[in-house]
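Some notes on the structure that comes next.
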């Protein structure tokens, strides 16, 4: 399996290198869909230039990266393109290894449940076989590397790629079962952009499953393990933040990075939902609505944790998707990360109801983004409503995608335990409805 | 520059246009002249002889003609535009004809006329330029090396007050009247109905009529033009900022464009001459004594001076801490037994 992966990696690197050398590189680097105020490359360069001139990079409202990124790029700024290509490759390899392990876990669990007779008798066609699962890791790596969103993100040199790679390593560490490493990587991911905090719950659930600790509120071992993991995570977070203090000897980065993410002062258009609302909102209400929007991101963790506590990796996927839809400055790089996971649930294909419409919506919106941007900013014949309409449609498409997969997943689980041919009490055929 | 408008200020426009004509006659092309006029005389409905501006009733000289090139006309003659032309702080879209494209070898003649007072000159009936502003503008020109020598002539009431505040080197100034005196106009033309010229400018122009490109008349002669008997006001001049002796300054240095051309039929070997020129320049640079108004750096040094680049480096403690953490994480996950491979 290594050889096809190497081929895929080579193809991806070639595509990116070709795009770097072409004239599209400059065009893509300026697109707002891939470069948000949080992770645009222009701002990294500006921050480092400010530092060379002896001024703190956080003194203006331009630079919103963490000090570790400053440290990374201080030495690597001439090799930036190489760094981003390597980051993408590392992400893909991490996802590949993670999904390989995950497949083994799924298969083992399936075998256990079959032997325990937990499945209904007529669900033979729903069971996953090693044959069809053999190529899934390769497909995941392929989906991530050759996704046009990822390629554009890489060519634009947006630091979203670094964020993605940290999250990918976190997923790898979680699936391999190492609580310490997963806590460290989660701390790094949270340190860079605040939202992976919500991935704490699925990681915890997965690790509890691996340790065979049942999730019961009264169980002492559950609380012990949770406390262990939480303290590992919080300690690493605190250590990383204190370390960043020593880079510039100031706490400036906290309001610049986290204050910026939470209070959303910069209303540059992007593919998210925040900018339009706050552009036309009165000052009076902005604090309230900022709180509402931010709670919206974190809120879904709890109901999903309750519903999906047996399936933490799917929970992680849904959580990643929710982060990338509802975060304050989403970019296409975030979208690419959760889309890389779609092959893992390709067996749900028969239960997906809206997949055709969804894919059409997503593809059309991706094409319409630059068109309406051009019409709005350059031609002047459209206005921000047009662009926001496409943003809204894109996000609706994404939300529908997630809810479709969610429905399909739950439906499959129900069929597995209750049999494929459901009958109501009076013997007629029944339909499953997601309430 | 003519700073007034309206029909009854005909003479100011005629003044300016006459000086313009003389200067053109002595060789300065339109590309090197910035002419600012209200330009409402020739086509004024009250002008009995339309499309003309006359400077002397007997000479019947039409100073307007077909080839007058006005760079700033009508409402563009403002204090702001005037100062922008002088200092060169012009928006990039300004055409070349509206710019003063001078460098540090240019001699500039500035002639202003209009209504003035003690320390100010009225622009277009709505704003004023003060002598302090003018002096500061000239200083900016000096700092930016926009002139070699500057001759400033002003024909207004109390004109001498306008050159009182100059403090930049290499400026010579002439005015038509002292503080407290009015400059008077020369004579009215009964056919046109207004005064056609001012006295001072009239006599200056008479003086200039005798100048041709090869004449050796110097500035001292210009200072004698229009004594009190003819002008009623006392013309004044100021030469203390000027570094050369006014006796040695030719009129054509400012009013004309005189090229020193030497025609030869021999062939010259350039290598020898280049070496000769090279040795000449350092001497010339040294010959000018350091100016006492500012410590002037040569322009090349000013342009290429950059703040000293102090490269930022992450502090040692940070690097140490970071890599210690990374190594600790590595060994925690993979076990101490790998340490022996490292060491």
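Counting begins at 1 with the first residue displayed.
Placement of Cβ uses the backbone N, Cα and C atoms for every residue, glycine included.
Record note: among A:122-143, A:144-165, A:166-187, A:166-187 is the stretch given as transmembrane segment by TrEMBL. Checking the ranges A:193-209, A:210-226, A:312-328 against TrEMBL, the transmembrane segment annotation falls on A:193-209. Only sequence-distant pairs (6 or more apart) were considered; of these, at least three Cβ pairs between the transmembrane segment (A:230-251) and the transmembrane segment (A:166-187) are under 8 A, so the stretches are in contact. Three or more CB pairs closer than 8 A are found between the transmembrane segment (A:385-407) and the transmembrane segment (A:257-278), so contact between the two stretches is assigned (pairs 6 or more residues apart). Simply put, out of A:68-99, A:257-278, A:285-306, A:285-306 has the most Cβ pairs sitting under 8 Å from the transmembrane segment (A:193-209).
For the transmembrane segment (A:257-278), the list of distant contacts is 32-33, 36-38, 61, 64-66, 193-195, 286, 289-290, 293-294, 325-332, 335, 369, 373, 384, 387-388, 391-392, 394-395: same-chain residues at least six beyond its ends, Cβ to Cβ under 8 Å.
Sequence-distant neighbours of the transmembrane segment (A:68-99) (same chain, 6+ residues past either end, Cβ-Cβ under 8 Å): 5, 8-9, 12-13, 16-17, 20, 41, 44-45, 47-48, 51, 57, 136-138, 140-141, 144-145, 150, 154, 157, 159, 161-162, 164-165, 168-169, 171-172, 175-176, 188, 191-192, 240, 244, 247-248, 337, 340-341, 344.
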